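Chemist: My structure is below; once you've seen it, I'll send some questions.
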Amino acid sequence: MSSSEGNKPPLVPDSTKESEPQFDPTARTRNWFSILLGTMPPSHQILYREDQYARHEKRDCDRCEEWRDYNLKYSPIVIFMQKNIRDLNGKLDADNIRCRRCPTRITEDGKTVRQGGGFSPEHGIQLCANEMRDSKHVEDTLAHEMVHAWDHLRWKVDWGDLRHAACSEIRAASLSGECRWAREFWTRNNYRVTQQHQDCVRRRAVKSVLARPWCKDDVQAVRVVNEVWDSCYSDTRPFDEIYK
């Protein structure tokens, strides 16, 4: 007669099976303090941040879509830009304004490039859900990309031409509200009073031009922005003046 002991599973796991990683409840806290205290290397910070973005992708996208829909319905600047885009036979709404996770891009020289959104003539606007802080941030990003869309419909912008791109970046940074004094003061710790708006627009336009792969370096980015600055900064269309 066979013993019932032979049917019991072994007490010791099979050593040939690959062991699964164990959940460490303290890892998040330790990583957070490492970043706060500056002991985590920058390359590890990027990996940690990207891992967190991937883990929370659905939450971030759902929240981004709520903020997008709210601004499409209630934001004066977004509604105004929607109307002016329609007047040029364009259409931007929830169907082609999409919230997506945007991974950090590492350049050949090791620099990190992050973005809040982007415009494509073929696909519409992408909002980087993992970079959006709140509804106001979504509003500014939407307005910025809508200026690009309006420029493209109005002037058929050649986005491969750095001068064309620089002009639209100047206008988008100036007209969207992202360079208003309150945002510079509270978000970016820029406490200057005089020339604050112009300095912000120039800085952000240079940064956007530099992020394009075909821009050689910051010297070229600054030169291109300076070449088109006067005419593009003073052009507030479709607004009568700088809105914010």
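Even glycines carry a Cβ here, placed using N, Cα and C.
According to Swiss-Prot:
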ACT_SITE  Glu145  active site
BINDING   His144, His148  divalent metal cation binding site
REGION    1-25  region 'Disordered'
Chemist: Could you check the binding-site residues His144, His148 and say which one's CB has the most other CB atoms within 10 Å?
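Modeler: Of the binding-site residues His144, His148, the most buried by Cβ count within 10 Å is His144.
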Chemist: If you count Cβ atoms within 10 Å of the Cβ of the residue listed as 'active site', leaving out that atom itself, what do you get?
Modeler: 24
Chemist: Does DSSP give His144 (divalent metal cation binding site) helix, strand or coil?
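Modeler: In the DSSP reduction, His144 (divalent metal cation binding site) maps to helix.
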